[in-house]
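Peer 1: I'd like to ask some things about the structure below.
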């Protein structure tokens, strides 16, 4: 009755927690909040709901446990079948927030189901003992172990002979071997390619290798004196008739004596516990108070000694890889279907097909796995193999019906992974190691499930601007000779973001062979603003969807992408201003991302961080010019110090804003204080403010921005590539200040301060290209000479290298 109350309490608590966190999620304004409310809160609540349901099956059923477990867990498959179209309708009708609220109410109904748990019907052991005592004259088995019994089971005692001895029927699956015999040990016949019946069965069901152990209680018997987690078979989803030590009941006298000793042992334990409890101290599981039983169970589940067993290591690796891909079809089959032009109803129907096939698979595989003639390990392996092959070829499914076929195969075969894992663990390692093995396995499955869907996210992999540049370079290669050019003398050059793009083409495998020389002006791959930031872009995308009016499509990536592509280009560009938290920061919220190479994204631009490409010497070693202008930081400082209200706001909250503006957390994480203090001491003389009347203060601020955003990245990139054998590399520093400057444009004001401004970011462009929308044509003699020199230098490099 105690454990019934525990089951009910845990289920009710899980339903309340899961539902409450989903309701809180309705008010979430960003993805980070959903990580905690849905990912952690609701996930933990669902775990509390799930555990009592599964553990109760292990206590209620013994013989047909695989079938019972299959039926119990098929609710998730059936739920997928039912809820896929329902949720699609809810999203269309109420949006994701309204749909979340309705589903939260549905989850709350689990309270009612939790209240339906009922206790086991206890057998009257005394009556059972009284009924058996006069009928059976117990005779000890002569040091033999019964490995299998007939289907009539041993509780049918109609075959007792006149001598009071139990007649053991000779069924096909019935044979005995002397105690201590090792079934897994190769026999002489095996060396000749033959297997005895005993060795054949041992190979099919490795768990049948038996060792001498004291009598253990299984199934519902153990619950009469112990908690659910005290049972060795609590996580075992197969029939207990598959466990030799449970089936072997030849020595019924020892069994009856064990029952008697068990009662005495229980009383003894009860006394000892009362005695010890009076002296015991508070026990902690980490930082949380817990009972000794809980601590012992956790210790057993997380015992890493199993990693010495190579069989367990291989099985864990297999489960880890399977778990990586387990959730991928559920997450991405709908977006894939919509990308093929299928309707929302057809796409959601695919999830329903997976659900119904999974339901059928769990029941069927659970039923057959209880059969003694079934090699469960072979069934398990073949199911996962077929599942993996089907998923691989799903990328090439051209029609709705081929996707239906894939969904059916995946749903059915993945049922083996859910229903037979614990059964296989017992077959491979033995029942006594199940709790430990299952605990460690769940740990790795959780990690794999966390990283799986993001690894497979190739629906909108990103870096499209750089991929467009690659397409242009390919076009140049295909057509340049038509214009009298040489496809083997192609030079690419760019400034600022363009300079960073040039540097990135040096490292990207996608750009190999498309150019022979490069020039990077004021931008390289290792600049702070060029760093790929995948987690940030997930949040940026969610915010962009809200700003662009596509928040209702956030739950479905295909719908979200379709919605964003239909937004007017001008409106989409203007949403960038809504990300700004101070002045014009950030200049742009969008960054590069690293991509995964998949069937849908066979040619990623970047598969890893640019720094990793350089460290691994995976870059083009073509002639390269790279450099900066003297005062790149004017790009931002001009506006911050020339606009009085902006400067006032900056100085009033200097540390917080500078930490954000210079993205210090990208370099050192959340603990930015030390880096901030060092920067302020070096560049600003230890003052946490900017004094526009002090030229050193303003110039120090410019230098801080210059080094942080540009110069450091340039030097780091050039030095690292040089160390890896990249030659020739020419570095330059442009410090010519002419009649015009982009600094006046960046200031966005006619107000000025008493300061001798230097060479601003973009000033070198004045001498390479005309900019009639911003500046008059160059007229000053020195400006014209600089323009001629710079153009000549760049063109000579392109022609002669």
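Cβ atoms are placed via backbone N, Cα and C, with glycine included.
Positions annotated as domain 'Carboxylesterase type B' by TrEMBL: 457-801. The transmembrane segment annotation in TrEMBL covers 7-28, 34-55, 67-88, 94-117, 310-335, 347-368, 380-401, 407-430, 437-456.
Looking at the shown structure, what environment does each listed feature sit in?
Peer 2: Within the chain, the transmembrane segment (94-117) has long-range Cβ neighbours (under 8 A, six or more residues past its boundaries) at 4, 7-8, 10-12, 14-16, 18-20, 22-23, 25-26, 45, 49, 52, 56, 87, 551-552, 554-555.
Counting residues 6+ beyond its ends, the transmembrane segment (380-401) has Cβ neighbours under 8 Å at 318, 322, 325, 328-329, 333, 336-337, 340, 342, 346, 365, 409-410, 413-417, 420-421, 424, 598-600 in the same chain.
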Peer 1: Across the domain 'Carboxylesterase type B' (457-801), what does the mean pLDDT come to, as a whole number?
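Peer 2: Residues in the domain 'Carboxylesterase type B' (457-801) carry a mean pLDDT of 90 in this prediction.
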Peer 1: Taking a Cβ cut-off under 8 Å, which residues six or more beyond the ends of the transmembrane segment (7-28) line up next to it in the same chain?
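Peer 2: Same-chain contacts beyond the ends: 34, 37-38, 41-42, 44-53, 55-56, 97, 100-101, 103-105, 107-111, 113-115, 117.
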